[in-house]
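> Here it is: the structure, laid out below.
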Ligand code: UDP
């Protein structure tokens, strides 16, 4: 029986979350801690789709800024997300959680392709489905990938676990008076260019009425609090 507010969620973690206190790459101890929190959520009966970014390894924009072809660099970024997905799969399976990785770039030696109906079956069987390689196209981000999978898998919410504890009206790092929203409308996020997710991801969630819950995943136990409707967060939703 689920003890959470939701039956099925999409959890989006930025790649940076996997690097722990390192400056780059994957910290297996930190991935293991994350996996434990995901296992506890799954054990409560929740169906979990997972999308992990690639920013801890490679971002297309960074490559393009240094003179690389943007599309080429973006494909490298997508491959980085597959590495993160495999790292998380490994950590979850060590805890006895059954998982499947489905990649938008086909890679049949390491994972399944994205097949919605198959993903549906995995979720029904209690497996965590990790969607890798974003939408499978350059000029997008894994936020858009997360919004797309949340829509097609009919998730009740998109939980964005990141390093800040919500959405602010200005940058809290540079403005001590920055105010965190409890709830905020999709259109305000888009019009005021608030830093939540990229515009295509926000618009996709708006058009499909998927609430976006932004919270800090760096705080231990926060995922469980958020799933119980507690904890510090911002909810991006209709009519807020
Ligand atoms: N990317 C892409 N298309 C997608 C998803 C990702 O081109 O559908 C590339 C893009 O270069 C991006 C990189 O993969 O910078 C890593 O993803 P992202 O920046 O979203 O990772 P995060 O910031 O969440 O760690």
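Quick reminder: no glycine exception, Cβ is built from N, Cα and C everywhere.
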> Taking TrEMBL at its word that 74, 135, 136, 137, 138, 139, 140, 141, 142 bind UMP, choose the one of 54, 96, 126, 161 listed for that site.
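Given 74, 135, 136, 137, 138, 139, 140, 141, 142 bind UMP in TrEMBL, the matching entry from 54, 96, 126, 161 is 54.
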> Select the closest residue to residue 139 (UMP binding site) from the following binding-site residues, measuring between CA atoms: 14, 55, 162, 171.
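Nearest in space to residue 139 (UMP binding site), counting only the binding-site residues, is 55.
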> Given the UMP site residues 54, 74, 135, 136, 137, 138, 139, 140, 141, 142, which other residues of that chain have a Cβ within 8 Å of the mean position of their Cβ atoms, reported in sequence order?
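Here the nearby residues are 60, 77, 78, 133, 134, 144, 145.
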> Taking only the binding-site residues 12, 55, 162, 171, which have a CB closer than 6 angstroms to any atom that belongs to ligand 1?
55
> How big is the Cα-to-Cα gap, in Å, between residue 137 (UMP binding site) and residue 171 (ATP binding site)?
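That separation, Cα to Cα, works out to 30 Å.
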